[in-house]
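The structure under discussion appears below in the form of structure tokens.
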Amino acid sequence: MTFNHKKMEPKWQQYWSEHNTFKTTEDKDKENFYALDMFPYPSGAGLHVGHPEGYTATDILSRMKRMQGKNVLHPIGWDAFGLPAEQYAIDTGNDPEEFTALNIANFTRQIKSLGFSYDWDREINTTDPEYYKWTQWIFEKLYENGLAYEAEIAVNWCPALGTVLANEEVIDGKSERGGFPVFRKPMRQWMLKITAYADRLLDDLELVDWPENIKDMQRNWIGRSEGAEVTFKIKDSDETFNVFTTRPDTLFGATYTVFAPEHELIEKITTPEQKEAVEAYKKQVELKSELERTDLAKDKTGVFTGAYAINPINGEEVPIWIADYVLIQYGTGAIMAVPAHDERDFEFAQQFGLNIRPVLEGGDVTKEAFTGDGPHINSDFLNGLAKAEAITAAIDWLEKEGIGSRKITYRLRDWLFSRQRYWGEPIPVIHWEDGETTLVPEDELPLLLPKATEIKPSGTGESPLANLHDWVNVTDENGRKGRRETNTMPQWAGSSWYFLRYIDPKNSEAIADKEKLAEWLPVDVYIGGAEHAVLHLLYARFWHKFLYDIGVVPTKEPFQKLFNQGMILGENNEKMSKSRGNVVNPDEVVEKYGADTLRLYEMFMGPLEASIAWNENGLEGARKFLDRIWRLLVTEEGTLAEKVTTDANANLEKAYHHMVKTVTNHYENLRFNTGISQLMIFINEAYKRDTIPKQYVEGFVQLLSPIAPHLAEELWEILGHTETISYVAWPTYDETKLVEDEVEIVLQVNGKVKSKITVAKSLGKEELEKLAHEDDKIKENIDGKTIRKVIVVPGKLVNIVAN
């Protein structure tokens, strides 16, 4: 006997919708709980089975917390700007807005079919002007506070896509989407000064309950380094340049310097003999991505400029080279090379026959760089010193001589915030013919994205908005002509603050009401994929800290607890992808097995954080378990089984209280697979009994309800209830019922286990010894032997020594 999920699931989904069951309560007497999912990008492909894993986890918590008497905020929305919709529009001539709306409708249908308890009244969409009005408002505040500025930046320009790509969107010199060639090209860009927040972004990781590996990824991305900035003079010139080094104590070993190919001094200092070689090399580098340039495994390339610098610590002339492994956007765009003690510098020096001088004792620098520590040698006043002392002494000397100083640098770069795309938030800025740049007045926000009949790349590197002359060209009241900013914001913009808007999504006067923000922040639990570990989370933390500084939000950090679910892989343990043809569509699973089965299966696959292969047999097993529950509790006619009685049954008492305690604990700690195991154990016990107390059945159904809500609602109704199960008080357990009153005693002869007996826990030594002698197996083993000694450990064992 089985239940009909095709009838049952839509029935309860309709009930929840009609009764607005999951509308967020804001009862002042209750505690608040904010459970957040990383909102999806509504792609044309629709939901895949990886999405529901994280969504089910937050849904279990949300359903449990409602039953535990909390106000629960559990919202959903759409991160709907982005390149795929634009690419689709360029390829097909269709409107990205219409395409996006269709995708959202499909995602909504799919999500509702899975029974998630979202408050749909709070749905948001980053492409809604009433939403992006506030994204633009935040940009204006950043600009007013000196945190948004324009700069000429060498960017990843992809002619085929007609846009600039972020470093993360470039893989091996090609665009992540479509695999088109990418080139480096300087362009005017908007930047956000995230570096101003580097220390706080680092230090405040201590305030949050996040996985340590994610914190480490953020720490490495920010990349704080302490060291010194050193000034080098250029021989026969008034020019100087600075280098940053974490090891100023190795200056005596600096035998050459290297500039990034984009360094501004290269043109001035290159000698006529080297000009042609330098120009050719620079052209070659333009075709390479940052990742290719810094790949440790590749052969080193470079070219000599013909010029020399003066090493400030010993007055030596050292050649100035250019090489692609030095990046203009890191440090100063120039490095001092100490080949004896740095692997990359060593390989470069070997390749081009440059001088290698050891300044630390240890290793054999004729064979490889020595990167360990040792006393200083060949270093004048630093000789004999260990690392820490030598660094201090070197910096003191540099500062005294006025040619260097202590400095902290960061790997973190300012955030490249503009995109040469149509489908994004317009940047609310006007550039006037007299050189002034102004913001669109706040009372004129949102600056609407204009409709375009045809979206095509401008060809100049500007966004397709540059083609819309009526929109771009403006005149002020004095007849002054201006041009609107044609760059749009990156997809990261709308997702950097969306969790704030859920708190008060209809507010037209502010991002959200201050009092409500204070009640709900920080987010209690945020669940999503680890692929967003760095960028999204770093950007959201940056915006949140800025909003904290200007008094908009009351907390320093947005997300108190973060959890990353693992990836669901294809049956062959490979990542699911359209190209591999191994993507599983949740619609098909819901049709065949039901949403409750899918939810149960994904939570039972293994630990939430593990990446696990999809397995059809596992789905069958999950459905079988739900059918077992149904058969145990419901008759063929659909009424409550006779074995469910109002009589108390002490037999199941311990199993029940143990289940409530364990399941509650495991759900709280996101260990859903082991929580489900406990539900299975209870059902196995219940099958062995002639009767099951109704109150235990009700408690069981409540514990099941966050995982399999449709089946639980149906069983709750069969149990005689007329209201939804969603707000019934969560079951409690009694510790005293969990105390073991019986123990298993091991019976041994000469230290070898021969038998086991279950006895009352209170039994003393004499009774245990008597029972051991009466045991048939023991009698058999000591027959004809002399008993030398009997060892009794109450509650554990009886060991008879006999020969």
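All positions are counted from 1 along the displayed chain.
Using the three backbone atoms N, Cα and C, a Cβ is placed for every residue, glycine included.
Between the listed ranges 40-51, 112-123, 556-567, Swiss-Prot ties the annotation motif ''HIGH' region' to 40-51. Among the residue ranges 95-99, 370-374, 575-579, 665-669, the one that Swiss-Prot annotates as motif ''KMSKS' region' is 575-579. Using DSSP to sort the residues of the motif ''HIGH' region' (40-51) gives these counts of helix, strand and coil: 1 helix, 0 strand, 11 coil. Taking H, G and I as helix, E and B as strand and the rest as coil, DSSP gives the motif ''KMSKS' region' (575-579) the counts 0 helix, 1 strand, 4 coil. Around the Cβ of LYS578 (ATP binding site), 9 further Cβ atoms fall within 10 Å across all displayed protein chains.
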